[in-house]
Structure formats: C-alpha cells, structure tokens
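**Student:** Annotations for this protein, taken from TrEMBL, read as follows:
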type: COMPBIAS; residues: 170-182; note: compositional bias 'Low complexity'
type: COMPBIAS; residues: 206-217; note: compositional bias 'Polar residues'
type: REGION; residues: 170-226; note: region 'Disordered'
type: REPEAT; residues: 30-63; note: repeat 'WD'
type: REPEAT; residues: 72-104; note: repeat 'WD'
Amino acid sequence: PCRSVLTVACEQTEVLLFDPVSSKHIKTLSEAHEDCVNNIRFLDNRLFATCSDDTTIALWDLRKLNTKVCTLHGHTSWVKNIEYDTNTRLLVTSGFDGNVIIWDTNRCTEDGCPHKKFFHTRFLMRMRLTPDCSKMLISTSSGYLLILHDLDLNKSLEVGSYPILRARRTTTSSDLTSSGSSGPRAVGSPCHQNDSGLLSEKHMSRSSQREGGSPRNSLEVLTPEVPGERDRGNCITSLQLHPKGWATLLRCSSNTDDQEWTCVYEFQEGAPVRPVSPRCSLRLTHCIEEANVGRGYIKELCFSPDGRMISSPHGFGIRLLGFDARCSELVDCLPKGPSPLKEIRSLYSHNDVVLTTKFSPTHCQIASGCLSGRVSLYQPKF
C-alpha cells in the first residue's frame, strides 16, 4: 500500500521483491512455497500474503523476510487468488478445489489462524471483491460469472441458505429493446446442489421475498456475452474490478482455445430486485480480440489507478487500451451497444509470451512479466 515494493510471483517456488522506482532487486524468497506461487496480496504496509499450488497460503512481514509469519492450511487444491476485506480485516482466498475460505488474520499464531469455508462452486477460476467490499465476483472455467450482492463475510453460505437470482446472459442493446417480460432464457448455475449441480428457485430464502431490495449474500449467476461466442462455450480466465467499482474486466478464451477476448461490463444498479423478475446487473460495453498465443496460460490484465486505461498482455508485449482515443472516463463515453476498445499504445520488450501486467498506483509506470521470467518496467510517454 505504501507503493515502495514491487512483488513478483514466480512459477518455480520463488517470490521476487524490487524497488519499482530504482528497479533494484531487493530480495528473492527462493523457497517461499513448495510449488508455483500464484498471487500476492498486501494486507498493510508490512504484512503480505502469498498463495501457491502447494495448497497453502503464507503470511510474510517485510521487516523479517528470512522466515514466514505463518502458513495457512485449509484448501485441498491449488490456491489461485487472495483478497482482503479492509472493513472486517478478513483474508479471503479461493482455489481450484472450488472453495472460498475466510481467514481471521487478527488471531493468527505460528500454527495458523482461524478459518471457515464461505462458499463453494465448481470450476472456480478467479474471485474478487469490489473496492468497497460490498460484492464478491467469482469467474468459472465453464463461462459463468457469479455475483454475491450485499456481501456479509461473517456468514458461511451452504447450499440453499442464500437467495438465488435467476441466471441469464448479460444484457446488450438488443436484449434491452427486444426481450419480453420473462427475459432471456435462464441457464443452470454451476454451484453444487445435487448430482446435476443445479440450483433451483425453490431454495430462495423468505428474506428474498422482501420488496425494495435484495437480502444479504444474494447470488446472481450470469453467462457474460462474449463477441463471436454466443453459440460456443468460453472460459473466464482473468477477472479484475474497476478502481471505482463501476465495471468488471474479463479475459475470456473459447473452449477450443482458438480465441481470446478482453471485455468490459458496466455495473447496472437498477430497480429493486424482485423474485419474479430476473436480475442482470452487468452490461457489455467494450471489447477487443486478443492475440491467441501462450495457450494454456492465464494472462492477467489490469485497470490503471484512475480507471481510464487497461493494460493487457498481448503476445510478447502489452497493449494500453482506452474506452475512446482520448482515454475518457468510462461514465463519460458509455456506448449504446458493445464498442471496440481503442488501442492507445503497444509496448514490446520481451522475448516470450507476457502473462501479467500491473500499473503503479502512484507513478507513471507499468510492470510486465513474461513466461521466461523477465520483468520489465515502462514509463510510457504519450
């Protein structure tokens, strides 16, 4: 959070630390985990968490990097994502075991810290909290996007204990003008309920019958529309949130892995939710096709700190994308229907496929990392 350290998660058990201003290497945690390191999240200016394919999460202190603060055990498969709720000071992790687990870092000991399973779904890929921690978004390899509204992390969610808002496609301009009162066809939820894995509306809690709004932890299941993919399945591999909470940013690939798309979906906070009316809180506003390289690897993209630009891995480099050619705010250039993202600048310095990119929160600086392990820092001039 103090923006003084750039941390890098590596495939071969390592975590690298750099000074992003001077580009100097600070330290290598050579055996941070026993398998690939997947994600890093700072909890404050000194404490940060790492997660790994070794199924564990580790807590570290910048003031004493020679040893871990503690190791957290709870997942049964690769741990891919870490979030932190600044309101409750709870650590939130997700893995390929389909579990979202809550950790009470306020009560950590050398043996770990109290935790509980919060949510479970099949095919889980990525999990994010909105900036105000009021929603949790979960993407899946089967093309579903799950949204938990009015989030309450203190309540574990078992099947049937939360109200379900009908699954549907995200709206486009044609949906808004031509759909009937019943809306587009509903699709099955990817969450477990029985052998078919479907959740039915009979499990809605009585609280969902309230007029005037949705209850805590109400679940919305969407199949985001991807250009050219209406009749083909897709996998949502990367999921990011606009820094002001206005939109979500997805990287999607086709099930045949021959196409990749970057898509922006605006949050629509419309009329109060009622059980008789399907909810769809996202609308596709912008998209662009990506380079189909590095098959099988996830490419992590990001918003700029002000939300005006997107940095996206593209082949052996990155592309800086805007909602229009002037890098306007999203709310100032919302199109009536899906529009192409505008390429502002391309930056190439790698000799291998770029897998991740990140803006500095405080400087005019961008970092990127490629499959061969090289990290590049850019200071673009426009």
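In case you wondered, yes, glycine gets a Cβ from its N, Cα and C as well.
Here the structure is a predicted model, which means the values were calculated and not measured.
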**Student:** Can you tell me how the residues of the repeat 'WD' (72-104) break down into helix, strand and coil by DSSP?
**Tutor:** 0 helix, 20 strand, 13 coil
**Student:** Could you count the residues of the repeat 'WD' (30-63) that DSSP puts in helix, in strand and in coil?
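**Tutor:** Helix/strand/coil tally for the repeat 'WD' (30-63): 0 helix, 18 strand, 16 coil.
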